[in-house]
Each structure stands twice: as structure tokens, then as C-alpha cells.
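What TrEMBL lists as site 'Discriminates between blocked and unblocked aminoacyl-tRNA' is ASN26. If you look up TrEMBL, you'll see TYR31, PHE82, ASN84, ASN130 marked as tRNA binding site. The active site, proton acceptor feature in TrEMBL is assigned to HIS36. If you look up TrEMBL, you'll see ASP109 marked as site 'Stabilizes the basic form of H active site to accept a proton'.
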Amino acid sequence: MLGSKLLNKFMNSKTFMIKLITGIGNPGSKYVATRHNAGFWFIDQLAKEVNVKLHDNRRFHGAYIKASLDGKEVYLLKPNTFMNQSGLSVTALAQFFEILPQSILVVHDELDLMPGITKLKLGGSSGGHNGLKNIAEYLSTWQYWRLRIGIGHPRDIIQKSKLTHSKLDVINFVLKKPSLEEKKIIDTAINKSLALIPLIIRGELDRARAMMK
């Protein structure tokens, strides 16, 4: 859990900048190309653009690097825990470097957005995303930023065929690879979001959010 001293500092803070960008997903070659790893895709592309390489760190339960983005130091992180334990990694790094929840951006796959759509959001519920829920549990707050990368929902396909969907359908959907066409659309959306990184890390998140509409 994030310490009470740091949480009090968070509650009293009126201004902030993003100091940690973490993409969440599942580790291992089995999952690398699956929809649930859209957050990892974002971090990989961001690291490539700024010419840095993330390095494994046992303390942080993941791979990370301190990068210079738009002249500001920002930590990039990919947890090596499974999705449902993402909070262990995110909180370990945040505590060590005294990063407030409101200065954390979590990049994740979003079922409720179609491929090609990305949105920024502060706080709110998990929407059934166990990675987000676990991060909130470890941070003791929902007040962290999310970049939601649309991957679509199986109901969009099932409704067309007049069938019903279940929780199992959703699990199978996120743990499968998107079609080549879908992947191209998602990658394009990721690249458009990356162009807004300078605004995001300066704390101009409302402006960046408006530009995503």
C-alpha cells in the first residue's frame, strides 16, 4: 500500500505532472501479441521512439527505465507480474521514487472502446479490468490517470450474429490476437496518442484529453 504520508501529500497537491508511465499486460511470449497487452505495445513503441531500453529490476517486479521526455525525467515501466497483480510493480516503483498517484499514467486495453479510439481518464471504477482494480488496491486510491486503448468488445461481434456473450467470451477475446486489420488500427491510435506525450507529461492532461476526441 502507498504510505499515508505520501497519500496526504497527494490529497493536498493541486498541481501535478506525469512522472511514471506504465503499460500493463501479461509477461511471456504466449501473451505478447494478445489484445490484453495493448499497454505493453504502447510502452514498447514509446521506448523505441525515445531510443531507450527497459531493464528488469527485481525490486520493482518489472522492467523499467528513467527516460528524458520533452526535457523531463519520466519513468517507464512494464510489470513482469501477471495483469491481476500489476499493482505490486506499480506501487513498488512509485513508493521508491515518491511518485504520487495523480502523477501516474496507466496505459491499458479497453473493451468499451472500439479499436482506433483512445481516451484519457482520471479515477473512476475498474470497469471490470482486474489490472486497474489491483493497482487501486495497492495505491489505496482510484485517483490515478489511465490511457484507455480501445480493443473492442466481443459483444460487438456477437450482437451481429444475434448470439449471447458471457464472461468466458470476454476472457477468450482479450487473450487472443487481434486481426491484422484491427492491430493496424490499434497501432495507429497508439501512435496518435504518443504524439500527445509532451502535453501529458507536462500535466496538460485536460488539453491532451480534448485532442483525443
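Every residue, even glycine, has its Cβ placed from backbone N, Cα and C.
Any TrEMBL annotation is an automated prediction that lacks curation.
Here the candidates are the recorded positions HIS36, PHE82, ASN84, ASN130, and by Cα distance the one nearest ASN26 (site 'Discriminates between blocked and unblocked aminoacyl-tRNA') turns out to be PHE82. When the Cα of ASP109 (site 'Stabilizes the basic form of H active site to accept a proton') is compared against those of the recorded positions TYR31, HIS36, ASN84, the shortest separation belongs to HIS36. Same-chain residues at least 6 positions away in sequence with a Cβ under 8 Å from that of ASN130 (tRNA binding site) are, in sequence order, MET83, ASN84. Every protein chain considered, the tally of other Cβ atoms within 10 Å of the Cβ of ASP109 (site 'Stabilizes the basic form of H active site to accept a proton') stands at 27. Of all Cβ atoms in the protein chains displayed, 14 besides its own lie within 10 Å of the Cβ of ASN84 (tRNA binding site). Residue pair PHE82 (tRNA binding site) / HIS36 (active site, proton acceptor) shows a Cα separation of 11 Å.
Within 8 A of the CB centroid of the tRNA site residues TYR31, PHE82, ASN84, ASN130, the other residues of that chain are GLY25, ASN26, HIS36, THR81, MET83, GLN85, SER86, GLY131. Under a cutoff of 8 A between CB atoms, and with a sequence separation of 6+ in the same chain, the neighbours of the residue listed as 'active site, proton acceptor' are GLY25, ASN26, MET83, ASP109, VAL174, LEU175.
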